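Feature annotation from Swiss-Prot assigns active site to 105. Marked as Mg(2+) binding site by Swiss-Prot on the basis of sequence analysis: 9, 104. Residues or ranges marked as domain 'UmuC' by Swiss-Prot on the basis of sequence analysis: 5-187. Among the features that Swiss-Prot reports, site 'Substrate discrimination' is placed at 14, with the record citing sequence analysis.
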């Protein structure tokens, strides 16, 4: 009888959480990241993706793609973690053992589905998605197959907000025509090597002989990919060991011989390690930089923060402060950035501008959202730095008369707040003096308004 592994992937998770808790953003292109335009996109709504914007893209590029209707909001990881915890509690309740892959995706293998028909699995998956939607308000895509590899591919095919199943008997029909890059373990280097051999699809790889695999990809990795392509995947669904550290390093084909080249490499590694940190869902207290010189000497330096952070600017600034340069140590061949001291508890930075590499002057901003009857939206968000009194772009705020809201505009001594949560529908806008004593900073989690 067939086993059924289910992969659940929350759709555009960070952006969906923002649209859930800030109803005015629903249906609009939303980018999650630094409102100033520096750094990279942490999340993009499907409305933004239709313009070509995506996660890990430079923010300035994504903003140019989505145009004037786009809205950029600062990330609120406390909200994402709370939503993630609720989703995974549902998966455990309905599916049993959960293998968490990241903050927004995981596997289950419900015992009740062993030997079930595709129709029965579809009914179960529909029920799971309905429970997730009912208890969190968030969309989820579900994929199912005879192993984790196929289930993961199927959830990608199900997006957005759908279900896609592939029974073992359908493997050749549904999987073989897909690009070989869909397989786990086939990165750019392996894909290029396979293309040189004329291997473009999963089916092309599956039809290769064992000897061809051994010669072209090796007996270990090659045979593993070959078996996955053929649909053989008996890996069990089991809880993963909690990572103690996250690290990214790159070896460069040409030695780095300038300070600028080293800084660029550190920024690249910082962004990639930060992306993995977001997937993990925790914050890091220690930032490390690893350098390997042209003569193979290795030097590692680290710094420990007084708090766990998941702020990209903080990670990058700390890594740059740890840098050593070619005029000090000679040509550099490898650059890596590591994050450790991972903790669930995370502290928001009171003065994030102190951690930035490049100081910027305070400027006015206005987040480009408006009441539903407005036909044109304009975004001129240029700086998320706090004002002298401490307000920041898209910050959560509380007012005793109007409740929970978020900063939509700030400048010339005035602050504009839109008051809304998950349950209110699009909220009304109110403008106050920035020093209004009735305004106070709010816990972002309260925007979820879960009882």
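Here the Cβ of each residue, glycine as well, is placed from N, Cα and C on the backbone.
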Which one is it: of the recorded positions 104, 105, which Cβ has the fewest other Cβ atoms within 10 Å in this structure?
105
DSSP-derived structure type at residue 14 (site 'Substrate discrimination'), helix or strand or else coil
helix
As a test of reading the model: what is the averaged pLDDT for the domain 'UmuC' (5-187)?
94
